[in-house]
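A quick write-up on the structure given underneath.
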Amino acid sequence: MFNLIRKSTEWGGKTLILESGKIARQANGAVMVSYAGTTVLATVVTGKTKEPVDFLPLTVQFVAKSYAVGKIPGGFLKREGKPSDRETLISRLIDRSIRPLFPSGFYDEVSIVCNLLSYDTVTPPEVTALIGATAALSISGVSFNGLVAGVRIGYLPSEDKYLLNASADDMLYSSLDLFLSGNEDSVLMVESEASELSESQMLRAVTFGHQNCQEVINLIREFSEEKGVQPIEFIPHDINPIVNYIESSYKQDFSLAYSNTVKKERVLKLEELRDKVLSDFAEKCSVDNVECDNQDVISALKSFERSLVRSQIVETSSRIDGRAFDEIRNIEIEVDVLPKAHGSALFTRGNTQALVVTALGTPQDEQIVDDLDGDRRENFLLHYNFPPYAVGESAALRAPGRREIGHGKLAWRAIRYVLPEKSDFPYTIRVVSEITESDGSSSMATVCGASLALMDTGVPIKSPVAGIAMGLIKEGDKFIILSDILGDEDYLGDMDFKVAGTAEGVTALQMDMKISGISVDVIEKALLQAKDGRMHILSKMNAVIQESRNSIKNHAPRIESIFINKDKIRNVIGSGGKNIRDICEKTGAKIEIIQDGTVMIYAVNNEAVEYAKSMIMDIVTEPEIGKVFEGTVVEIVKFGAFVNFLGGKRGLIHISEIKNEHISAVGSVISVNDKVKVLVIGIDREHVQLSMRRVDQETGEPIDGELYNVRKSSFSDDSSSSGTSSSGSSFKESYSGNRHGSHEKRRSGGSRSSRRNSSGSNYYREDLHSSDFGNNNRSFSNSRNGHEVPRKPRFF
């Protein structure tokens, strides 16, 4: 029933298997690829386009269902929704790798779906998916020029060792994360992030990756030969007569239009000429009474313009806007352009402009990423927006598409390495790039603008980052590398090569080809020329702002962390969250408690942070003999006054310790709610003995001298340590003297915290937020044998 074909090889220490003939047999081509514990089903289906187009309508979709790792999706529907960013990025990797290998003029619809069926969370799924897509194309009968393989490369600088298809654990120690695709002869696509690696280290990684593609390419070739499906020969329409006519009639007009250095004027003139050519051919066909194929005319126009611009660059050694090959456009930079933003920058390079804005948040603002590798929290977000007005188009705003997601991710990779560690800067950072004008290299303008905005914000980045886009004009064996390409040079050229980095090295590299690959020699020259351009841009940036500001803006949120003894966590929380809720209500701050004793305080200003911190420290600080504290009188009794200090702690000022003279009534000196400064002079278990007379009530300083010796016999070291008061009665007896008052009621059973499990282990989760403690959300309500018993949940 099944005509099963199977090929396998050992690659990178793992088994790679290609199978076909059993699953998805209605598709033009279907291949099941297994690499170690990761399995992908790749299918190819083709069809004719419904309307004439002048581009390849290729659609690539990478689909990762949660069942691949044995999970059920979250949410109400328990079903996968729109593609995740990771699915989108992998889809783009595959698309960019195979698109250059379709023949010129091939405009049939091609749909490729790569379904991740099983994932071991170790083997890179993008590698497996690209191999599957290429293998499926090779047996689909679609015209496709060559075979492609992909690899993921890591690098251990301490060992000077490159890693092939390394696991996620191995990549934690890698200074490079590079995905590369190539055919037998050349490199087709590169996507990477690095830790300030040199150009030579990046080039060696590319060479290493391309060499390791060859074994897989040979396997796919053997697999397709055994399948025996021959590709349908594609015969393009002969558009040379149309190209010749356009050249003879419109060459001078197009040359003049392309010489205009103002993009808006250039675009309008080119659109006018294209419309004129189309109407000219429509009229000509009507006169000759022949049928005109609009698609052929559009293709001929594109071919003519491409040849015209490229020949002008090669012959005149001058570019569209008159620059030299390695010349950078004029750069204008401003920072702090938006008064209420936490940081902002306006980066303008020629007719490309990015307004980049930063916003700081608390760790509670981190993005929770639901990923097949496991849920994680991301504290650095970078979003790239490309509105239609940036290129003078009238269109409705839409949700971010694949291009926006891809460009934002590239800028994210370029910036991430220079960010401070979370322990040093615990904020959540969001960077938004609004492209307000575009004439090429908007993603690299985003990188430059993001670096400037972060420094303006006060984020202590390691060093500034700049980015530049390089282009290529290749004619035969000759090639020209262009620095800082325009949009038209990107559209009509052979390569889009983007490099971002600091003065020390490369942090991100992306390469896309429009031809069937380039050699390593071309990549080397592009890297070196890009370095010169990057240094030039960095010098312009440094002239405006060289390093991060010393502090964040006054209107930015404040975050401070303190450490407390883990045994004190339950005291900070209080009964049913009473204490932590009280702190939040009084200060306006948010409190997060982590199991290791770290307390994070988030507030809108420094005053709120300091207030919250002082309240927490009052709770966790233990009174010490000889220390002075400020307290509030809460109760007057005949033998003294009770004072609350250090949060909820209570102590007694005996009547003899109120003033350094005889007083007949306590109420004649102090009253309830008075603020007083007290010295701890005795501690007997939980009872604290305080003194006012030994403290200067104005300065809060202990008073030296004779005052310490008054009634010395009553305050000897022996009596203090045993808890004896100056009146001769014990301190414990002083407390018991108020047996019928509110204090005794509190001692006799009002405090639940005194009866809690001393370990406090049941009192917090891994992370505790102040919002977790509501009046009706107490987790513990019963006590049994001195330990808390969790309340059973109710089910309705």
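Glycine is no exception: its Cβ is also placed from the backbone N, Cα and C atoms.
Database features, via Swiss-Prot:
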| type | residues | note |
| --- | --- | --- |
| BINDING | ASP490, ASP496 | Mg(2+) binding site |
| COMPBIAS | 714-736 | compositional bias 'Low complexity' |
| COMPBIAS | 740-755 | compositional bias 'Basic residues' |
| COMPBIAS | 771-784 | compositional bias 'Low complexity' |
| COMPBIAS | 785-796 | compositional bias 'Basic and acidic residues' |
| DOMAIN | 626-693 | domain 'S1 motif' |
| REGION | 714-796 | region 'Disordered' |
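Averaged over the domain 'S1 motif' (626-693), the predicted model reaches a pLDDT of 89. Cβ neighbour count for ASP496 (Mg(2+) binding site) (all protein chains, 10 Å cutoff from its Cβ): 22. In the three-state DSSP scheme, ASP496 (Mg(2+) binding site) falls into the strand class.
The DSSP breakdown of the domain 'S1 motif' (626-693) into helical (H, G, I), extended (E, B) and coil residues amounts to 6 helix, 37 strand, 25 coil.
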